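*Asks:* Starting off with a structure, shown below.
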Amino acid sequence: MQHLITTSDFSKEEILELFEDARLFKDLTSNNYLNGKIIVNLFFENSTRTRSAFEIAAKRLGAQVISLDVGRSSRSKGETIFDTIANINAMKPDAITIRHSECGLPGSLIEHVNCPIINAGDGTHAHPTQALLDLFTIVEHFKGETEGKKVAIIGDVKSSRVAGSNRKLLPRFGMEVCFVAPDCFKYEGDEYKQYNHISEIIDEVDVIMSLRTQLERHHEVYFESLNEYAKDYCITEETLGERDILLLHPGPVNRNIDISDEMLKDPRCKVLEQVSNGVAVRMAILKKLLS
Amino acid sequence: MQHLITTSDFSKEEILELFEDARLFKDLTSNNYLNGKIIVNLFFENSTRTRSAFEIAAKRLGAQVISLDVGRSSRSKGETIFDTIANINAMKPDAITIRHSECGLPGSLIEHVNCPIINAGDGTHAHPTQALLDLFTIVEHFKGETEGKKVAIIGDVKSSRVAGSNRKLLPRFGMEVCFVAPDCFKYEGDEYKQYNHISEIIDEVDVIMSLRTQLERHHEVYFESLNEYAKDYCITEETLGERDILLLHPGPVNRNIDISDEMLKDPRCKVLEQVSNGVAVRMAILKKLLS
Amino acid sequence: MQHLITTSDFSKEEILELFEDARLFKDLTSNNYLNGKIIVNLFFENSTRTRSAFEIAAKRLGAQVISLDVGRSSRSKGETIFDTIANINAMKPDAITIRHSECGLPGSLIEHVNCPIINAGDGTHAHPTQALLDLFTIVEHFKGETEGKKVAIIGDVKSSRVAGSNRKLLPRFGMEVCFVAPDCFKYEGDEYKQYNHISEIIDEVDVIMSLRTQLERHHEVYFESLNEYAKDYCITEETLGERDILLLHPGPVNRNIDISDEMLKDPRCKVLEQVSNGVAVRMAILKKLLS
């Protein structure tokens, strides 16, 4: 039995096979691959977008979904997360999808269950399904030719689990990842090149991945307002000029903070394609882990 | 592709065809017309009743339903309704059902989606599925002979989207609509006859449609209490006497404010039949728009 | 048509037949017994555990589930529970599962509906599906030989609906039930032997059923803290020693208050098996009442 806690749970070959399925699922029509399967969605952090994508993916495959709002009941009765999981596991679901604010929590549950665990985001640690859909969008855009491509991840790199997963996943497919961030949002480590401003490398990059500025994850106030951040880090028409750059964002986009209104309408910006791909890739992941 | 924003989106012929389906669905047993379809329910206004009716209708047709409690997550992240819809649309559902407090909002979404939008109530504007189920209940009651029938809509006509939809729909089927309301609740316009008290026309009407007094939609206090309103506008046995009048209400009924306990038990009162018809008519609507 | 309000709604023979089905369902894989059926779950009291078990049971049988969060909408509009039920019933579901804080409420709804009502717990009164799964776990453990077995129910007997249902059900299968509780939690009646401390009868019992101490159901403060209660009533390795006793608990367990961490890992403790059996027994119940 296989889990998906971080992208390293899948080999490069497995990921390419996954993408073959995702390609078949791209129109998002329904099939019967997971008829009779039950998937429990445990979202301790609220997320309309990711929860919906997982739910639609499961239902398009013919599976049933049970969404547990665990926060409201079990926890108010003082139950530990491990007891909650042991109980859900005793009801014998075919998979458990979990989002939690604590780094590493989904991985620590593996030994307590008899079904695949899928990490739908854990704190600032990892968001493997997002990174896989980002990679899939890049692979499709470059028709598989990802070797040597340069990807600039811009924004709150420090607390982004999307950055956390992508910086490990993309280099496995020959890409070079660098970060663009103000000092307060910089990655703590020196394995990646880091820049203060996108202008320093705009002429070299093939992909810009803008991140959502998540002020709620910081304990200190770094900017007087998001507008101050936006002055230097918002991706605008001026930033890209005529360059052939693929612009991505995990959503939801802070309009005119992360990306400008105009750039969101620009054909180089593929944020909605990422959303569609997100369902297709999750369908492929669920099919792989459950069937 | 067709949407249902107001009842005028359907021709008279289409509505009669719809009712043929609704008649077949009247026992509300399950079928497979929409197997493999996914319907997203977006209720920005809380509504157990309408949401349940839509959900049961969809599931009786074999469709899957995803209910998004959009208010709690996306909006708290500052996303606009148009971005929320664009994202949901990118997940390629087969239809989106939406209830929102803002008049005209569901209609404004049409250009942003690739699937049918069904208006499940927008502010004080329209509630087309309610009007269609009301019409269906009237058509069934009079065995199709609606020509020349007089319908008195009584109560808070001013802020009722149910009245808003019915006053346009019923005349298309030969019925004459009039309003009975205190001045503060009167319709602002002169296309319809308006009365202060039901006694003025009780001998002429074939149908009384009582409305829910929605104090929450008014900014001013018009009555010291609902009981004061009820003195003049509650439909009682005394109001109807022995007359052969069909009594309707969109629910939930304020007992002894809108309709008296006794009249709710009277065979002339068809509020629960309206609820059953509501599922059958919505099944017919979903089948029409999705298949 | 049959309902399940208390365990006395089923004859001994019916229960044994039910258990034959539950045995077949024990691996909790999916089937099609209830394809095309719609079950409405009405939980007025929050309960992740019981609601999930019912939902998984229904979906494993191929039924569709509609979970209504009735508390939030209908009730805020001032609707009575009887009107809410009449409306839901008019939508023609195939069964209604209801949990409510008021004793006797589910039973009082029977005359208002055309489908089976399943009591998922009403106040301090009854919790028939829990008692049936407890009995099933006991029957399986003793390979059907329940005659003469002694069961000690320990803890807050006074306000426990689990105790309320088990004290009536278990004796029908030849078992002798006694209670162990501090005075403040004792059963008000003299049909059952009652003890102050488990040590008084530990050498005679075959089954210990520990209850969740539900301080929220008491109006007075009986203990300074749950730890004080635990000193005398927590089931530990010391309590059981080497004795061959089956240890049960309806969950969620207050760790080291109701049962110690060590005993929860002990093979004599079958709380997770109860959870699995809970889905299997509810599948059997739904199959019986709906097909």
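Note that Cβ sites are derived from N, Cα and C of the backbone, with glycine treated the same way.
Curation does not apply to TrEMBL; its annotations are automatic.
Residues annotated as carbamoyl phosphate binding site in TrEMBL: B:Arg49, B:Thr50, B:Arg99, B:His127, B:Gln130, B:Gly251, B:Pro252. Summarising the annotation, TrEMBL assigns L-aspartate binding site to B:Lys77, B:Arg161, B:Arg212. The domain 'Aspartate/ornithine carbamoyltransferase carbamoyl-P binding' feature in TrEMBL is assigned to B:2-140. According to TrEMBL, the domain 'Aspartate/ornithine carbamoyltransferase Asp/Orn-binding' annotation covers B:147-287.
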*Asks:* Distance between B:Arg212 (L-aspartate binding site) and B:Arg99 (carbamoyl phosphate binding site) at the Cα atoms, whole Å?
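*Replies:* The Cα atom of B:Arg212 (L-aspartate binding site) is 18 Å away from the Cα atom of B:Arg99 (carbamoyl phosphate binding site).
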*Asks:* At the Cα level, what's the spacing in Å between B:Gln130 (carbamoyl phosphate binding site) and B:Arg161 (L-aspartate binding site), rounded?
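*Replies:* On Cα coordinates alone, these residues lie 9 Å apart.
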*Asks:* List, in sequence order, the residues of the same chain other than B:Arg49, B:Thr50, B:Arg99, B:His127, B:Gln130, B:Gly251, B:Pro252 whose Cβ lies within 8 Å of the centroid of the Cβ atoms of the recorded carbamoyl phosphate site.
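*Replies:* So the additional residues around the site are B:Ser47, B:Ala53, B:Ala120, B:Gly121, B:Val162, B:Pro250.
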*Asks:* How do the residues of the domain 'Aspartate/ornithine carbamoyltransferase carbamoyl-P binding' (B:2-140) split into helix, strand and coil according to DSSP?
*Replies:* 62 helix, 25 strand, 52 coil
*Asks:* What Cα-Cα separation, expressed in whole Å, is found between B:His127 (carbamoyl phosphate binding site) and B:Arg161 (L-aspartate binding site)?
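*Replies:* Spelling it out, the Cα of B:His127 (carbamoyl phosphate binding site) and the Cα of B:Arg161 (L-aspartate binding site) are 6 Å apart.
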*Asks:* Give me the long-range Cβ neighbours of B:Arg161 (L-aspartate binding site): same chain, 6+ apart, Cβ under 8 Å, in sequence order.
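*Replies:* Listed in sequence order: B:Gly121, B:Asp122, B:Gly123, B:Thr124, B:His125, B:Ala126, B:His127, B:Gln130.
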*Asks:* Could you tell me the mean pLDDT over the domain 'Aspartate/ornithine carbamoyltransferase Asp/Orn-binding' (B:147-287), as a whole number?
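*Replies:* That stretch averages a pLDDT of 94.
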*Asks:* What residues, ordered by sequence, lie under 8 A Cβ-to-Cβ from B:Thr50 (carbamoyl phosphate binding site) and sit at least six positions away in the same chain?
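*Replies:* B:Thr50 (carbamoyl phosphate binding site) has long-range Cβ partners B:Phe43, B:Arg99, B:Ala120, B:Gly121, B:Thr129, B:Gln130.
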*Asks:* By a simple count of other Cβ atoms within 10 Å, which of B:Arg99, B:Arg212, the binding-site residues in the record, is least packed?
*Replies:* B:Arg212
*Asks:* Sorted by position, what residues of the same chain at least six away from B:Gly251 (carbamoyl phosphate binding site) have a C-beta under 8 A from it?
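*Replies:* The list for B:Gly251 (carbamoyl phosphate binding site) reads B:Arg49, B:Arg212, B:Val271, B:Gln274, B:Val275, given in order along the sequence.
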*Asks:* Max CA to CA distance in Å over the carbamoyl phosphate-binding set B:Arg49, B:Thr50, B:Arg99, B:His127, B:Gln130, B:Gly251, B:Pro252?
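*Replies:* Farthest Cα pair among residues binding carbamoyl phosphate: 17 Å.
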*Asks:* Among B:Arg49, B:His127, all listed as binding-site residues, which has the most CB atoms within 10 Å of its CB?
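*Replies:* Ranked by Cβ atoms within 10 Å, first place goes to B:His127.
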*Asks:* Can you count helix, strand and coil residues in the domain 'Aspartate/ornithine carbamoyltransferase Asp/Orn-binding' (B:147-287) using DSSP?
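*Replies:* So the counts come to 56 helix, 24 strand, 61 coil.
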*Asks:* Near chain C, which of the binding-site residues B:Arg49, B:Thr50, B:His127, B:Gly251, B:Pro252 can you find when the cut-off is a Cβ distance under 8 Å?
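*Replies:* So the ones by chain C are B:Arg49, B:Gly251, B:Pro252.
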